[in-house]
Each structure stands twice: as structure tokens, then as C-alpha cells.
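Following: one structure in C-alpha cells, then a few remarks.
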Amino acid sequence: MALRRTDSKRALCTFYQQNQCTKGQNCRFEHTKRPCKYYGHGSCSMGENCRFEHSKSDIGSSEAMKSNNVTTSDSNRIVTGEINGVEFQVEILDPLTIANLARRDYDEETDLSYVEHEAPEAIEPRLESFQMQLDELEEKMVNLAKTNNQIDEDDDQESLVQSKAASEYSDIVPAVPPKQCKFHMQGACRFGNACVYSHAKGLSPDEGQLMEKELHASQDIECNICMDLVLRAGERFGLLPNCYHAFCLKCVREKGKDVLRECPVCKADAPFVVPCNRLVTDPLRKKKIIDDYKANMAQIPCRHFNLGRGKCPFGNKCFYEHRYPNGKLADRTNDSTIKPALGSRMQSS
């Protein structure tokens with residue numbers, strides 16, 4: 001329980017002097033008005049708006065003081081003298097009169113000596129309210145950050161267009177159109193037509209229809225290694241250049257660690273694998289996907305070559321760009337090559 005001050009002399013309540021105190025008798029400040037000394041001298045310019053008390057008794061006492069001062073001090077206020085035969089008279093002003101004259105120029109609105117300080121117990125509830133608002137704002141920011149992180153994960157190039165929980169493929173259910181590829185819209189998609197996301201913005205209507213048919217036909221195709229539905233398992237297809245067997249991209253790359261440079265089923269030569277969001281069996285369309293994939297990869301600098309400071313182990317078989325700092329492309333016609341394993345990207349990325 002807060003204890004009140006019991007001083008015999010309390011500060012004056014400035015709100016009471018302005019007729020704005022709402023605490024009444026419970027106010028811990030003094031509810032009295034000081035007498036207006038300017039009104040006593042008959043020189044108060046505030047009139048009824050003055051925050052000090054205007055009492056007629058002050059006028060009488062002030063006039064009495066004036067008359068007393070005149071009769072008793074007039075003879076003392078005039079000093080006469082003579083210097084070098086010249087007489088002079090000097091009027092001595094009362095210091096109180098000088099202070100009163102200076103006081104008239106004082107801006108009372110800047111006088112903070114009577115400002116009532118707020119009690120600490122009145123401030124604490126507001127501090128608690130501010131803390132609650134701060135905690136709520138912090139919680140909202142954390143939730144917003146989680147939402148943004150989830151959106152970034154959905155936009156990852158390695159994620160599948162359809163989620164596992166929402167994908168139920170059948171012959172009668174049409175293929176869900178993939179999302180628009182933001183890298184293709186900027187002209188910098190490394191996967192070309194093999195991208196898991198849609199590049200349909202720049203495609204002709206016929207190309208879009210063919211792609212939709214291929215997506216629909218790929219819904220029920222199983223991987224020849226894990227025997228799972230590729231799209232339903234959340235994977236992409238790994239296209240081999242010299243055969244049409246279907247594989248998960250993950251399975252064919254893991255298999256390539258043991259079986260080098262050949263298809264795990266038909267043993268056809270397979271020096272590399274191309275990721276694709278659908279299985280393409282048409283020879284011309286498959287060749288275009290592979291060519292576009294190589295063209296996009298050729299725009300990415302090779303980490304092993306490192307602008308001529310390193311040596312690429314794949315030589316002229318590397319799909320990545322070999323360029324010197326001066327902008328000149330490296331001549332790879334006579335480069336020695338290392339035969340990469342099945343599923344290799346020619347460079348770890």
C-alpha cells in the first residue's frame with residue numbers, strides 16, 4: 001500500500017489553480033490559490049484568466065503600503081549632493097519594484113515549478129500494457145517469419161509441383177499444372193524445358209498441349225529401381241540419353257555409384273542424366289530437352305575450372321562454362337576427360 005506524504009507544507013495543485021483538478025478532496029496537493037501581486041498593484045493583465053487569487057483585501061493592503069512608502073520613504077528615495085560646485089539629485093528605486101517590472105515579461109506558460117508529477121503507481125499499469133503490446137508484436141513477427149520461410153521452401157527448385165498429401169493420381173484426374181518458373185521469367189533457368197516448373201509463358205499452344213499430355217501420361221509411371229510412382233513419391237524423372245526406361249532422379253544417381261555409365265536395365269550407354277518433371281518418349285522432343293539442358297548448364301561457370309585457376313576433371317565432357325577472367329572461352333578440344341559415373345552432373349553444385 002502506497003504511503004502518502006504527510007509534510008505540513010504541500011505543493012500547490014496547478015490543476016486546481018486552473019479549475020481543472022478532477023481529484024477533489026483526494027488530491028495530494030494543496031488546493032489554495034496564491035494572491036496575485038500584480039492585481040494588488042492594479043497591474044494584472046490576465047484579468048479573470050489569472051490563475052492567482054484576485055482579492056479586494058490585497059488591493060487595500062497594497063494601497064496602504066504604497067501610501068506608507070510615499071510618506072516614509074519619499075525623503076529617503078531622493079538623494080541630493082554637490083560635486084565640484086554642481087548640485088545633483090538621484091532617485092533610488094525600491095528593488096522590489098524592479099523585480100515586479102521584470103516579472104511582467106516572464107512567460108508563465110514556461111513556468112514548470114507547479115507541474116504535478118504523476119505518481120509511480122499510476123505509471124506501472126501503463127508500462128504493463130506497453131509490455132503486452134510489445135509481446136504481441138513480437139509473436140506476430142515470429143509467425144510472419146515462419147510463413148515466409150515456408151513460402152521460400154515451396155519455391156525451391158528441387159521441390160515437386162504437387163505435394164504428396166494433395167496428389168492422388170488416376171486415369172480420370174487431369175494433371176495438375178506446374179507452377180510458373182521464376183528463373184525462366186528472368187531468363188536464367190538452368191534446366192530449360194527439363195525444369196520441374198512451367199515455362200509455358202513462351203511456349204506455343206501446341207507445345208503446351210504436348211507438355212500437358214506428357215505430364216498426364218507420367219502420373220502412373222513407376223521407377224524401374226524402387227518401383228514407386230515417380231511423381232507420387234515426390235521425385236522427378238532422370239532421363240537417360242540412349243534409352244527410354246523410367247527412373248527416379250534420386251534412384252538413378254544413387255545407382256550410378258555402383259554401375260558406371262550405363263542404364264541399370266538395358267545397359268545402354270548413359271554418360272549423364274537429365275532431370276525432368278515428366279517422362280518424354282518422343283525422340284525429337286527428348287533431344288530438344290537434352291540440348292536445352294546442356295545450353296542452360298553452359299551458361300553457369302564451372303567451379304572446378306574456376307576462371308582458369310583450377311583444372312576440371314571432366315575436360316571437354318563438362319557441361320559448365322570454362323571461361324577466363326578476360327572473357328575468352330577455353331579451348332577444350334584436346335582436354336583429357338574422366339568418364340563420369342551414371343547420373344553425374346559433370347560438376348558438383
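From the backbone N, Cα and C atoms, a Cβ is placed for every residue, glycine too.
Note that the coordinates shown come from a computational prediction; the quantities given were computed from them, not determined experimentally.
Sequence annotations record features per position, and here TrEMBL assigns coiled coil to 127-157. Per-residue confidence over the coiled coil (127-157) averages out at a pLDDT of 70.
The domain 'C3H1-type' annotation in TrEMBL covers 7-34 (among others).
In terms of DSSP secondary structure, the domain 'C3H1-type' (35-57) contains 9 helix, 2 strand, 12 coil. Taken from TrEMBL, the feature domain 'C3H1-type' applies to 35-57 (among others).
Feature annotation from TrEMBL assigns domain 'C3H1-type' to 175-202 (among others).
TrEMBL lists 223-267 with the feature domain 'RING-type'.
Marked as domain 'C3H1-type' by TrEMBL: 296-325 (among others). Mapped onto DSSP helix, strand and coil, the domain 'C3H1-type' (296-325) counts 8 helix, 3 strand, 19 coil.
Per TrEMBL, zinc finger is recorded for 7-34 (among others).
Taken from TrEMBL, the feature zinc finger applies to 35-57 (among others).
The zinc finger feature in TrEMBL is assigned to 175-202 (among others).
Residues or ranges marked as zinc finger in TrEMBL: 296-325 (among others).
When DSSP labels each residue, the zinc finger (7-34) comes out as 7 helix, 2 strand, 19 coil, counted as helix, strand and coil in that order.
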